[in-house]
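Asker: My questions will all concern the structure given below.
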Amino acid sequence: MERYDWKRVLRTNILKLKVVGLWPPDDELYKPNAYTLWAICSITILNVGHNFFQMVNMIFVFDDLHDLVQATYITLPQVVALMKTYYVVRNMKILKELMVTLSSDMFQPKNDRQVKMIKPSFSFWRVNYVMYWTMSSGAMFFWSVYPILDKSIKEYPLPFLAWYPWNTKASPMYELTYLHQIVALLFIASTAMSVDTLIAALNIYIGAQFDILCDDIKHLFDPDSALISFNQKLISIIKHHKEIVKFAANTNKFANWIILAQFFTSAGTIGITLFQMTAVAPLSSEFFSCIAFTFSMTLEIFIYCWFGNEVEIKSRNVVYTVFKSNWTDASMEVKKNMMFFVMRCQRPVKMSALNLFYLSLDTFMRILRAAWSYFALLNQVSSR
């Protein structure tokens, strides 16, 4: 059977990560070369620089609730994107090791049946990928052109509130600053979304491996594979399970702080964006940008929670699949090994952020409830 290319589904994602300086060529790490120079310059100028100017502005508008909210709901997720950049670079070795493990013989599907079995998960990932990028692109479009659509371009407004040590009300500094904000927005958004969908894909890989494992267990005692002893096949399955658990642990290690930062700020960001929606003119470009941004943020959390929840569900299926195999005719040695294997599989694999937040649908609903609470609080404070 032809080797299955696990990276195929990630080709577009990997290309975008390369553009933003977060994917050194092949399975290499950062080296003193042109790509590393590009990564340093682009991240510093477009990510760090843009965030710095926006955060300085927040100091000057701290006493104005309206301006502070307007600055916060955009700046907060961009700061999180900067944190994502830092932890991806810091944990690049873990990420590249995960890719190498994924290409190993043990993680390969054994037949066409297993390939067909894992395809629906990747199809659902692609649907969410397209929806996420579409909604985010809508928000970026309205942010980028709202001074033009609102016919306020003559007043030299910028898409985002920020402080600069030069006069942005005069040409050509206004046009250059405007261009910097738009390019920085595209760069930061591409970084954040590519990292989000990458982590979701890693969770799909884990779930797909559990699907393959369950299929191997289900057909453990098939007569057409009797050339290998049942005990040898069971030992191979146990080793595969250990590698999956190790892969999941390394994925958690890679994404721990990224998920924590995302979950910690998501409720506040969604709540603030909902409040900002009530403060802008209805049907204006800024209003539509708030709607698109709210949906994209909600989908962002959903992607994390859904695919993390799938890992737990599929890891629980292993125990039940054991009893679907024809184990009753096996030897005592095989039964004993199966018993120990079942005992180990009683503890499901859970994806989490430092064991503080578990990636589950329950966590997703909690974040939405918290977001509504933040919105209600801001609305109450504003009405006083």
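Using the three backbone atoms N, Cα and C, a Cβ is placed for every residue, glycine included.
Checked TrEMBL, it gives:
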TRANSMEM  37-62  transmembrane segment
TRANSMEM  68-89  transmembrane segment
TRANSMEM  129-149  transmembrane segment
TRANSMEM  182-206  transmembrane segment
TRANSMEM  254-275  transmembrane segment
TRANSMEM  287-307  transmembrane segment
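Map the listed features onto the structure and describe their local environment.
Answerer: Residues 20-22, 30, 68, 71-72, 74-75, 78-79, 81-82, 85, 89, 160-164, 180-181, 183-185, 187-188, 191 of the same chain lie 6+ residues outside the transmembrane segment (37-62) yet bring a C-beta within less than 8 angstroms of a C-beta in it.
Only residues 6 or more beyond the boundaries of the transmembrane segment (68-89), in the same chain, are considered here, and those with a CB under 8 A from a CB of the stretch are 20, 22, 30, 39, 43, 47-48, 50-51, 54-55, 57-58, 61-62, 95, 143, 160-161, 188-189, 191-192, 195, 257-258, 261-262, 265, 268-269, 272-273, 275-276, 279, 293, 297, 378.
Remote same-chain partners of the transmembrane segment (182-206), defined as residues 6 or more beyond its termini with a Cβ less than 8 Å from a stretch Cβ, comprise 6, 9-10, 13, 16-17, 19-20, 22, 42, 46-47, 49-51, 77-78, 80-82, 84-85, 88, 98, 102, 121-122, 125, 128-129, 132-133, 136, 140, 143-144, 159-160, 244, 247-248, 251, 254-255, 258-259, 262, 300, 303-304, 307-308, 310-311, 314, 349, 351, 359.
Same-chain neighbours of the transmembrane segment (254-275): 69, 72-73, 76-77, 80, 83-84, 87-88, 91, 94-95, 98, 195-196, 199, 202, 290, 293-294, 297-298, 300-301, 304, 351-354, 356-357, 359, 363, 367-368, 370-375, 377-379, 382, counting only residues six or more beyond its ends whose CB sits under 8 Å from a CB of the stretch.
Beyond the ends of the transmembrane segment (287-307), by six or more residues, the same chain brings 73, 77, 125, 128, 131-132, 135-136, 138-139, 141-143, 146, 193, 196-197, 199-200, 203-204, 207, 259, 262-263, 266, 269-270, 273-274, 276-277, 280-281, 359-361, 363-364, 367-368 to within a C-beta distance below 8 angstroms of the stretch.
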